[in-house]
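According to Swiss-Prot, the protein has these features:
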type	residues	note
DOMAIN	6-237	domain 'Glutamine amidotransferase type-1'
ACT_SITE	C96	active site, nucleophile
ACT_SITE	H219	active site
ACT_SITE	E221	active site
Amino acid sequence: MKPPKVGILLMEGTNNETEVFFSVRRSGGDPDYVHVSDIAAGRKAISDYDALIVPGGFSAGDYIRAGVIFAARLLAVAGKEIRDFVDSGRPLIGICNGFQVIMEMGLIGKRDELTLTNNESGRFECRYTYITMTSDNPIFRDAFKGKGSFQVPVAHAEGRIAVSGVSVLKRLYENDQVLFKYSDTHGVTDEYPWNPNGSVDSIASLTNEHGNVIGLMPHPERIYYSYQAMYDDARKDQATGKLFYDSLISYLSGVHG
């Protein structure tokens with residue numbers, strides 16, 4: 001059986017594509033860089049992949065606001081193809097700036113109800129924190145559900161998840177869209193700096209209603225090996241990133257293999 005093919009979407013300013021590429025490869029997938037210009041020129045097609053990942057960075061220099069230019073370019077050259085990809089049930093994952101991109105594209109929720117905005121601290125937050133899985137998402141359930149807190153690095157200035165009202169937040173929970181929450185070593189907490197940006201309800205990661213479009217602010221690809229972790233986590237057999245990417249490739253192999 002061929003390894004699952006994972007497209008890594010790029011444009012000028014993305015800068016975490018290499019870490020994502022090698023994380024996918026080390027976990028048994030077949031990664032491929034897909035520049036937005038390759039899609040526009042017809043050299044590569046969204047439909048060729050089993051999963052898509054939009055990596056972190058500062059796409060288009062984050063001019064106007066984080067992720068909006070990359071989102072506009074993707075919608076212009078492959079809007080229908082990406083919608084069809086998502087409707088097929090295949091995973092689309094946005095990490096940090098990639099999360100901002102897919103939020104701008106409206107792939108997780110309505111933009112007038114749900115947004116990523118400036119950190120409460122008013123500055124770029126770059127540190128380690130922890131996340132705890134809070135949904136029953138089948139892609140990551142076996143590795144993360146009910147197994148405590150997992151160390152992850154964050155690095156962003158516009159990572160605060162905000163909702164337009166209590167009804168929107170309630171609907172996210174009803175639809176099981178809250179994938180991970182910020183935590184300390186004891187469990188979910190809203191306290192800074194563990195919640196580095198002030199996200200509502202300490203939410204670190206969201207999905208669409210079907211669970212296959214996934215956005216997260218932490219960077220699992222930056223903690224693939226235990227030696228990249230800090231404190232007691234450096235002595236764990238498997239780091240968070242390996243668990244994350246192993247889960248993705250295992251899911252793809254079972255469902256779309």
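Backbone N, Cα and C atoms are what each Cβ position is placed from, and that goes for glycine too.
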List nothing but the one residue from C96, E221 whose Cβ has the fewest other Cβ atoms within 10 Å; the candidates are the active-site residues. E221
Around the Cβ of H219 (active site), the count of other Cβ atoms that are within 10 Å: 22
Pairwise Cα distance for E221 (active site)/the residue listed as 'active site, nucleophile' [Å, integer]: 11
Please report the distance from the Cα of H219 (active site) to the Cα of C96 (active site, nucleophile), rounded to the nearest angstrom. 7
